[in-house]
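What follows is a short report on a single structure.
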Amino acid sequence: MKKKKLIAGNWKMNGDIALAQTIVDGIKDAADQSNHDVVIAPPFVYLPQVALWAKESKIQLSAQNLAKFDQGAYTGEVSGKMLKDIGCQYVLVGHSERRQYFGETNDVVAEKVEFALKNGLTPILCVGETLEERESDAWKSVIEAQLSSVVQRIGMEAFDRVVVAYEPVWAIGTGKSASAEIANEVHAFIFCTLIGKSDSIRDSLRILYGGSVTADNSAQYMAMSHIDGVLVGGASLKPDVFSQIIRSVE
């Protein structure tokens, strides 16, 4: 059985309630007509309202982060159970901006993946290298370490419920993008690294590309053999553009 592609839109800390409704209304048709999974990740405060607007559509909901705790005196944190309660199916974990600006280590990311799975959420595990790591040819060891910390935490048996997103840090919000060929090479490395640990996830593992994805380049990425979807940033805030990206996925 051919696995579904996944098109995810990460709004980051952008927009307001009016834009949130505009985006949902503007992408409903494309999402409903797609044979693949369409996911949006609004800021925390808009999740409940977006869930209501998207209820009668095929749009699925993701949070952008979660706590590594279930409950307790952790001011400002949001747990996986809370996200599940308001209708989230997915959650982004380990995005490069969380790693860079909030000091999330591989171990912290692994804990968050574990808490996502524990609460019935599908984690979208973000991995990727900086420009320096790319140019020094250290990208394989960097990505392998990011994956290994999660594998050690949850085991390979649970990895069939994890989506991986490759995001070259040097292509996030810069207007630069890895070529489809470079992205596919990294995706193949991720695939082989994980399949080498357990062949049982071969048919379920989905690896997304995220890094300045636009309507102009999304089809090029989706044509690659090891790319199973895209994680879209700024372009997901423009409903007409995001709809084009959704429709570009065969």
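Placement of Cβ uses the backbone N, Cα and C atoms for every residue, glycine included.
Whatever TrEMBL says is automated annotation, not expert-curated.
The substrate binding site annotation in TrEMBL covers N10, W11, K12, G173, S212, G233, G234. Taking the Cβ of N10 (substrate binding site) as centre and 10 Å as the limit, one finds 25 other Cβ atoms among all the protein chains shown.
The number of other CB atoms found within 10 A of the CB of H95 (active site, electrophile), across every protein chain shown, is 27. The active site, electrophile feature in TrEMBL is assigned to H95.
Sequence-distant neighbours of E167 (active site, proton acceptor) (same chain, 6+ residues apart, CB-CB distance under 8 A): H95, S96, C126, V127, G128, Y209, G210, G211, L231. The active site, proton acceptor annotation in TrEMBL covers E167.
Taking the mean position of the Cβ atoms of N10, W11, K12, G173, S212, G233, G234 as the substrate site, the remaining same-chain residues with a Cβ inside 8 Å of that point are N14, I172, V232, A235, S236, L237.
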